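According to Swiss-Prot, the protein carries these features:
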ACT_SITE  42  active site, proton acceptor
ACT_SITE  69  active site, proton acceptor
ACT_SITE  190  active site, proton donor
BINDING   6, 17, 191, 212, 213  3-amino-2-oxopropyl phosphate binding site
BINDING   8, 9, 44, 49, 99  1-deoxy-D-xylulose 5-phosphate binding site
SITE      150  site 'Transition state stabilizer'
């Protein structure tokens, strides 16, 4: 199973003071050295963390691949066509949210998402859709032509009781199986950390987990390379 390292919150720390440090590009290179299979960045409309310059630098220096998360806007479509990343993940986005709060409603806007997928696919990127583990959304993702999906694991991560955790984990398991059955590449992520990742990593059929905030937080105490290496080891062991 692959590990995609999201470096958004390295940039969050930088933007909090408007400084030049810490550098998310350095974090990305350290993550690659520690075993990351790819680097994920989300250029938000409000530019609260990652900036255009970060993305342009990463495109030039990454040894693995970039997974570019973006809202479905004309501004971001034009930017993605300019940088031509290896992977593009379409996500929902609102200015008020602290972080992405749910999956993209593909079923409710199929024509719009289909047009975006077709346009972005012409750049050569593998386009994925960040969605909830819901059969209706998974089927819609296939219909619009996306080759991949990323299942939102936030509800699992936020579950507090054993019953709720088990229920949300089953939702992910079922979603993965359904997605694979639809012929889709299935990734997953959001809210995963060192104490909840193993159950998700053990799910057969998941191609990649995208993890960020927990890695950045742990890196404050152990360093970024060690934080990434530790997460990678957990995922590899659980997915055997």
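Just so it is clear, glycine is given a Cβ too, placed from its N, Cα and C backbone atoms.
The model shown is predicted, which means the values in this text are computed figures rather than measured ones.
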Among 42, 44, which are recorded positions, the residue with the most C-beta atoms within 10 angstroms of its C-beta: 42
Measuring CA to CA, name the entry from the recorded positions 42, 49, 69, 150, 190 that ends up nearest residue 213 (3-amino-2-oxopropyl phosphate binding site). 190
Near residue 8 (1-deoxy-D-xylulose 5-phosphate binding site), which residues of its chain come within a Cβ-Cβ distance under 8 Å, counting only those 6 or more away in sequence? 24, 40, 41, 42, 49, 50, 212
For residue 69 (active site, proton acceptor), name the DSSP secondary structure in the helix/strand/coil scheme. strand
Top of the recorded positions 69, 150 by count of other CB atoms within 10 A is 150
Least Cβ-crowded entry, counting other Cβ within 10 Å, from the binding-site residues listed as 6, 191: 191
Return only the integer: C-alpha distance in Å from residue 9 (1-deoxy-D-xylulose 5-phosphate binding site) to residue 191 (3-amino-2-oxopropyl phosphate binding site). 13
Among 6, 17, 191, 212, 213, which the record lists as binding 3-amino-2-oxopropyl phosphate, the farthest-apart pair of C-alpha atoms sits at a distance in angstrom of 25
If we count other C-beta atoms within 10 Å, could you say which of the recorded positions 190, 213 has the fewest? 213
Candidates 9, 17, 49 (binding-site residues); min other-Cβ count within 10 Å returns 17
Within 10 Å of residue 69 (active site, proton acceptor), Cα to Cα, which of the recorded positions 17, 44, 190, 191 are there? 44
Candidates 44, 150, 190 (recorded positions); nearest Cα to residue 6 (3-amino-2-oxopropyl phosphate binding site) turns out to be 190
